[in-house]
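**Q** The structure's right below; bear with me while I get my questions together.
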Amino acid sequence: MADVNKVVLAYSGGLDTSVILKWLQDTYNCEVVTFTADLGQGEEVEPARAKAQAMGVKEIYIDDLREEFVRDFVFPMFRANTVYEGEYLLGTSIARPLIAKRLIEIANETGADAISHGATGKGNDQVRFELGAYALKPGVKVIAPWREWDLLSREKLMDYAEKHNIPIERHGKKKSPYSMDANLLHISYEGGVLEDTWTEHEEDMWRWTKSPEDAPNVATYLELTYRNGDIVALDGVDMTPATVLATLNRIGGENGIGRLDIVENRYVGMKSRGCYETPGGTIMLRAHRAIESITLDREVAHLKDELMVKYASLIYTGYWWSPERLMLQQMIDASQVHVNGVVRLKLYKGNVIVTGRKSDDSLFDANIATFEDDAGAYDQADAAGFIKLNALRMRIAANKGRKLF
């Protein structure tokens, strides 16, 4: 790579990125700017400042991005009822474009000519970070140490850290056997026993949710108020986007909601098993579909479902900043103008049950849909012509002797 003068590093303060920090300083003889994001991962971010200072970093960014994350990334994604491969709520995927955006903003502010991240060469995150970076700053240099160095085991990283006096904790609390990623939307677990697809996940792995068997024996009722497709209040109390999600995480976790054990297809080609806890997101998805069920036109709803598969794939594979994702987002957002109202849910032992939905913009007409006398609101005789017209092409084919089986 051409000469690098200053690098902005996505820095957590953990072993991997602390080693990367020193490795960048030594390998490229460059100045390193650290960026640590608070996305609601539930860990203290300030210790990263002390570690960076101890390693000679002069420019340190620690940003609370929780509101921006939920408002500008999570909520827009949930307007589309987004699910990857039928199950995954994209908790890791949706955080990466925001981190990439902030890396580029800091690079512009500090005059850095490169960015760096700690994603490995096997995963999706390297693609997500770098596609976002190139979309926002085409000429930026990207340094991905895991694709360059030979420190390919935790033990080698530990040895490197000790050799270079990098402040780490070799002894202390027991390290989790899983590779984990967390933000306000979810926490994920990979590796360890999960690499055997037949081995059941361990109960003590889960951090956010109670086991459904241990959840309360009494159901929790909850009302979610929607405006233009986004939740603006819980049980009538107005809340910011981040507060909404944090509250739903807490309530959902207490009721054993949001656990998932899946094998997904990574963009780089391999299959990967992961376990996820997404309590708030699971509640949001069910509630959003419920409010849309009474406020969206049928064909708009069906078209949204068709587009969602592509939209989910774009987010999963790192194309959040692509023109096609932006185009789809405009269509999705336009569909949400009338998605207003209240959804009532019952949460019970891992289940999210819709018990009511209402809206001033509802397209549900009880006078037409009733099983009782509709007083002439709907003429059932009209159905005969409707059915004959829709059967016409099949009748023609049958008259021609076309066989169906």
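Just so you know, glycine gets a Cβ as well, placed from its N, Cα and C.
I grabbed these lines from Swiss-Prot:
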- ALA10, TYR11, SER12, GLY13, GLY14, LEU15, ASP16, THR17, SER18, ALA37, GLY118: ATP binding site (BINDING)
- TYR88, SER93, ASN124, ARG128, SER179, SER188, GLU264, TYR276: L-citrulline binding site (BINDING)
- THR120, ASN124, ASP125: L-aspartate binding site (BINDING)
**Q** Excluding near sequence neighbours, so keeping only residues 6 or more apart in the same chain, what lies with its CB under 8 A of TYR88 (L-citrulline binding site)?
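**A** When sequence neighbours closer than 6 are ignored, TYR88 (L-citrulline binding site) has LEU260, ILE262, GLU264, GLY274, TYR276, TYR316 within Cβ distance under 8 Å.
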**Q** Report, in whole Å, the straight Cα-to-Cα distance of SER18 (ATP binding site) from SER188 (L-citrulline binding site).
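**A** The separation of the Cα atoms works out to 22 Å.
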**Q** Quick check for the class: what is the C-alpha distance, in angstrom and rounded, between SER93 (L-citrulline binding site) and ALA10 (ATP binding site)?
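**A** A Cα-Cα distance of 16 Å.
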**Q** How long is the line from the C-alpha of SER18 (ATP binding site) to the C-alpha of ASP125 (L-aspartate binding site), rounded to the nearest angstrom?
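**A** On Cα coordinates alone, these residues lie 18 Å apart.
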**Q** In which DSSP state, out of helix, strand and coil, do we find SER188 (L-citrulline binding site)?
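**A** Going by the DSSP assignment, SER188 (L-citrulline binding site) falls within a strand, counted as strand.
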**Q** Can you tell me the CA-to-CA distance separating SER12 (ATP binding site) and SER179 (L-citrulline binding site), as a whole number of Å?
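**A** Each residue's Cα considered, SER12 (ATP binding site) and SER179 (L-citrulline binding site) end up 14 Å apart.
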**Q** What number of additional C-beta atoms lies within 10 angstroms of the C-beta atom of ALA10 (ATP binding site)?
**A** 23
**Q** Please report the Cα separation of SER179 (L-citrulline binding site) and GLY118 (ATP binding site) in Å, rounded to an integer.
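**A** That separation, Cα to Cα, works out to 13 Å.
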**Q** I'd like to know which of these binding-site residues, GLY14, GLY118, is least surrounded, judged by other CB atoms within 10 A.
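**A** Least crowded of the binding-site residues GLY14, GLY118, by Cβ count within 10 Å, is GLY14.
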**Q** Sort ASN124 (L-citrulline binding site) into helix, strand or coil using the DSSP assignment.
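**A** DSSP call for ASN124 (L-citrulline binding site): coil, neither helix nor strand.
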**Q** Would you identify which of the binding-site residues ASP125, GLU264 has the most other C-beta atoms lying within 10 angstroms of its C-beta?
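**A** Answer by Cβ density within 10 Å: ASP125.
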